[in-house]
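Undergrad: So Swiss-Prot lists these for the protein:
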type	residues	note
TOPO_DOM	1-24	topological domain 'Cytoplasmic'
TRANSMEM	25-45	transmembrane segment
TOPO_DOM	46-52	topological domain 'Periplasmic'
TRANSMEM	53-73	transmembrane segment
TOPO_DOM	74-112	topological domain 'Cytoplasmic'
TRANSMEM	113-133	transmembrane segment
TOPO_DOM	134-154	topological domain 'Periplasmic'
TRANSMEM	155-175	transmembrane segment
TOPO_DOM	176-408	topological domain 'Cytoplasmic'
DOMAIN	278-408	domain 'GGDEF'
BINDING	ASP286, ASP329	Mg(2+) binding site
SITE	LYS291	site 'Transition state stabilizer'
Amino acid sequence: MMDNDNSLNKRPTFKRALRNISMTSIFITMMLIWLLLSVTSVLTLKQYAQKNLALTAATMTYSLEAAVVFADGPAATETLAALGQQGQFSTAEVRDKQQNILASWHYTRKDPGDTFSNFISHWLFPAPIIQPIRHNGETIGEVRLTARDSSISHFIWFSLAVLTGCILLASGIAITLTRHLHNGLVEALKNITDVVHDVRSNRNFSRRVSEERIAEFHRFALDFNSLLDEMEEWQLRLQAKNAQLLRTALHDPLTGLANRAAFRSGINTLMNNSDARKTSALLFLDGDNFKYINDTWGHATGDRVLIEIAKRLAEFGGLRHKAYRLGGDEFAMVLYDVQSESEVQQICSALTQIFNLPFDLHNGHQTTMTLSIGYAMTIEHASAEKLQELADHNMYQAKHQRAEKLVR
């Protein structure tokens, strides 16, 4: 049992397993979404940056047209520098029709730049943007631009940071909602397992699983409750059968009084109770003319007499004293709350008077039947055997004395 408990403690709970599954699913889903959105965003940004740089180059051609026509290098350089200071490109070249460099401008970095920025710049713009310069419909030169990576890298970092933040926020909301939605599942399963555990551990078949909102759990609850109904009914029948067997084992089937087995158990319990022994006594009672009744009117009449004897003993004892049938016409009674031997003698006299009343044989006849009574005080004996020996001895003495009186 201890090993089973330790094994259960090592196993994850349904709530924890469900939470782990949800966390794993959310993490994988959000990572895939993050990767998909990141790649899509960067590809879109690449197209946007290339078109923006091409648009810048196309705009510059109108400013450089006159300088190229007149081969005015300083004017072209001044134009490139003015536009380059705005941070839209890092290098610019103006070439004439013969591919001679007429003017150029380079952005001077204050730092060498990080690897990521260089990689982004090379990936977005693997080659300079080339835009022809036209005059009167004829190509007279070209301008070549290379984008500046700092602004692009910053924008990419910012976009990824915002995207990551949104993904984390969405993950947090998803986790919160998932836990809230899972509470119903966890509580439903916990309710079922609590009932099953209580039934198994405490044999409490009166427990029932409450109705559940989820169809499968509800169907299981109905089936399990039906099973519990059958088990409870079976347990009640078993308890009733056991009670009947116990009563049969401890009671006389004819008179309904407690039998010899119950007497032995009761007298041993009494002798082991030091307080009860001080105020108790044992009576043995035996019929004096029961054989005559059996021989004269038959055993059925004898049984009716025994039933009447048991009835009178039970009514006399009430809730205070306990009567037993030991077998045949032998009876016993344990007296409780008696303070002296004289009180016991008074009880014996009262019993004798009760049995002086005639018995109705239900066949048109009546008869009398006396009982010989012997008693023993429990306080005077250390064992149940000695107590019974004295009570039995005194009973037979009383029987002999009654027989002698009848002879005289």
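Cβ coordinates come from backbone N, Cα and C, glycine included.
A description of the local structural setting of each listed feature is requested, covering burial, neighbours and distances.
TA: Mean pLDDT for the topological domain 'Periplasmic' (46-52) in the predicted structure: 80.
Sequence-remote contacts of a segment are chain residues at least 6 beyond its ends whose Cβ falls under 8 Å from one of its Cβ atoms, and for the transmembrane segment (53-73) they are 79-80, 83, 88-89, 92, 94, 96, 102-103, 125, 129-135, 140-141, 143, 145, 147.
Tertiary neighbourhood of the transmembrane segment (155-175): same-chain residues 22-23, 26-27, 30, 33-34, 37-38, 41-42, 45, 120, selected by CB-CB distance under 8 Å and a gap of 6+ residues from either end.
Each residue of the domain 'GGDEF' (278-408) gets a DSSP state, and the totals for helix, strand and coil are 69 helix, 32 strand, 30 coil.
For ASP286 (Mg(2+) binding site), the number of other Cβ atoms no farther than 10 Å from its own Cβ, over all displayed protein chains, is 21.
Its Cβ placed at the centre, LYS291 (site 'Transition state stabilizer') has 12 other Cβ atoms within 10 Å.
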Undergrad: Provide, as an integer number of angstrom, the distance between the C-alpha atoms of LYS291 (site 'Transition state stabilizer') and ASP329 (Mg(2+) binding site).
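TA: That comes out at 9 Å between the alpha carbons.
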Undergrad: Using a Cβ cut-off under 8 Å and a sequence separation of 6 or more, which residues in the same chain sit near ASP329 (Mg(2+) binding site)?
TA: ASP286, GLY287, PHE290, LEU306, ILE309
